[in-house]
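Student: Here it is, the structure, as structure tokens.
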Amino acid sequence: MVTIVKRRVSILGATGSIGLSTLDVIRRHPDRFSVSALTASTSVDSMVELCHEFRPRYAVMADENAAAELSRALGDLPSVAVLGGSEALCQVAGDGDSDTVMAAIVGAVGLPPTLAAVRAGKRVLLANKEALVMSGKLFMDAVLASGADVLPIDSEHNAIFQCMPPDKIRDTRGAGITRILLTASGGPFRTHSAESLRNVLPAEACNHPNWSMGQKISVDSATLMNKGLELIEACWLFNTTPEMIEVHVHPESIIHSMVEYADGSVLAQLGSPDMRTPIANGLAWPERIEAGVAPLDLFRIGQFHFERPDLERFPCLKLAAEAFHKGGTAPAVMNAANEEAVSAFLSGNLCFADIPLIIERTLAATEVVPADSFDTIFAKDAEGRVVAREQIRALAV
Ligand code: NAD
Ligand code: MG
């Protein structure tokens, strides 16, 4: 008889695109998973529904007012402890009630609770890429120190992970790996002219051709900053450099990335563009479980296409590689400037084509210092945001 290890999972960002996909996989396997904590920012209604279905021990709202509202709404569920505030996010992420944490809060605010889960030595399913981009070496040092089992959920990194020898993930040198081929969809504006990028609207940027995702990552996919963040993410996860990684635009989004070996072999992971595949892979690793994903119909897809990224129309990818090379606090400042620029674009205060300009100007105006502590990184994140907001005001539409 096979004994199944039952995992107790906390989901940071439960109401988002990744959070809900995670809960859908969990829902399919009540024998394997139970829910310890659910967290969100302000979406009380969605949390009420999720708490009734999954009966977590903790429900956390980052927003204190939303926590008070949730607490009132869950009066009929006394077994759920409702907490509020960003400290509570870190508390449940590190709490002994769970052994597995899905890190799916969007943006830099996801770093402290993700780090709390890492420091507690848990299995950490890393969807939030901004945390690793901001604090790369310190984050990976914390992983090594605690022995946390960090598994990549970003579809490309999960694909690379699946195409590598399991014992070489953090030490790819000497594994015969010659290149990582990081695939990109190219986003909704892949074929747009540079001129027309000035007039695109938030709704068009969020309408990704292949993936259904949160707004911020959808805009990042449209600027190719998502690929820039992923380039840096891959460097830290797999202990490599941007020179070893070649971005391949693959508009079908079926090959999620590839690893090339010295003997000429190229291993690829394929699948329908559905995040439940990498999520199920991380939740059940090293086992394989059903994820509700439609089987791949290659006859219907028919053809795969590949092209090089156009760094003239989409300079964010280049900016990210430069920030990685500059090192220190440069990636944290780049990330902060990007978050501010994307938010200004989404609220109609910045033109899409000016997003890379804001990032470039913010990086030029912010001194790079060694990223020697998390406090330094948070301080530079804050400084980068102030500079970016000034630049956004200067360019506001
Ligand atoms: P989303 O916007 O759909 O959801 C974000 C979640 O974070 C929500 O639950 C929200 O309540 C929570 N949140 C937002 N602000 C918060 C705050 N200040 N404090 C606490 N919680 C807060 O985002 P998403 O698309 O699910 O993406 C989540 C993360 O996963 C991002 O870092 C993204 O880059 C990464 N990711 C997403 C996908 C995808 O397909 N959606 C793929 C790869 C990686
Ligand atoms: Mg991705």
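Note that the numbers count up from 1, one per residue, in the order the chain is shown.
Cβ coordinates come from backbone N, Cα and C, glycine included.
From TrEMBL, here are the annotated features:
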type    : residues                                             : note
BINDING : T15, G16, S17, I18, N128, E130, G214                 : NADPH binding site
BINDING : K129, S155, E156, S185, H208, S221, N226, K227, E230 : 1-deoxy-D-xylulose 5-phosphate binding site
BINDING : D154, E156, E230                                     : Mn(2+) binding site
DOMAIN  : 9-136                                                : domain '1-deoxy-D-xylulose 5-phosphate reductoisomerase N-terminal'
DOMAIN  : 150-238                                              : domain '1-deoxy-D-xylulose 5-phosphate reductoisomerase C-terminal'
DOMAIN  : 270-385                                              : domain 'DXP reductoisomerase C-terminal'
Student: The domain 'DXP reductoisomerase C-terminal' (270-385): mean pLDDT?
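Tutor: Here the mean pLDDT over the domain 'DXP reductoisomerase C-terminal' (270-385) amounts to 98.
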Student: From the binding-site residues listed here (T15, I18, E156, N226, E230), select those whose CB sits under 6 A from an atom of ligand 1.
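Tutor: The binding-site residues passing the 6 Å Cβ test are T15, I18.
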Student: Count the Cβ atoms, other than its own, that fall within 10 Å of the Cβ of G16 (NADPH binding site), considering every protein chain shown.
Tutor: 24
Student: Under 6 Å from ligand 2 by Cβ, which binding-site residues from S17, N128, D154?
Tutor: D154
Student: Among the binding-site residues T15, G16, N128, report those whose Cα falls within 10 Å of that of D154 (Mn(2+) binding site); none is a fine answer.
Tutor: N128
Student: Long-range neighbours only, meaning 6 or more apart in sequence with Cβ under 8 Å: which ones does E130 (NADPH binding site) have?
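Tutor: In sequence order, V106, G107, A108, G110, L111, L229, N335, E339 meet the Cβ cut-off.
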Student: Roughly how many Å lie between the Cα atoms of H208 (1-deoxy-D-xylulose 5-phosphate binding site) and G214 (NADPH binding site), rounded to a whole value?
Tutor: 10
Student: Once near-sequence residues are set aside, which residues in the chain of K129 (1-deoxy-D-xylulose 5-phosphate binding site), 6 or more away, have Cβ atoms under 8 Å from its Cβ?
Tutor: D154, L229, E230, E233
Student: Taking the recorded Mn(2+) site as D154, E156, E230, identify the other residues of that chain whose CB atom sits within 8 Å of the mean position of the site's CB atoms, giving them in sequence order.
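Tutor: These residues sit around the Mn(2+) site: K129, P152, S155, H157, N158, L182, N226, K227, L229, E233, A234, S257.
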Student: Whole-number answer please: how many Å between the C-alpha atoms of N128 (NADPH binding site) and E156 (1-deoxy-D-xylulose 5-phosphate binding site)?
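Tutor: Spelling it out, the Cα of N128 (NADPH binding site) and the Cα of E156 (1-deoxy-D-xylulose 5-phosphate binding site) are 13 Å apart.
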Student: So, by DSSP, how many helix, strand and coil residues make up the domain 'DXP reductoisomerase C-terminal' (270-385)?
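Tutor: So the domain 'DXP reductoisomerase C-terminal' (270-385) is made up of 67 helix, 2 strand, 47 coil.
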Student: Could you give me the DSSP helix, strand and coil counts for the domain '1-deoxy-D-xylulose 5-phosphate reductoisomerase N-terminal' (9-136)?
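Tutor: Split into helix, strand and coil, the domain '1-deoxy-D-xylulose 5-phosphate reductoisomerase N-terminal' (9-136) gives 60 helix, 28 strand, 40 coil.
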Student: Would you list the DSSP helix, strand and coil counts for the residues of the domain '1-deoxy-D-xylulose 5-phosphate reductoisomerase C-terminal' (150-238)?
Tutor: 40 helix, 11 strand, 38 coil
Student: Pick out which of the binding-site residues S17, N128 has the most other Cβ atoms within 10 Å of its own Cβ.
Tutor: N128
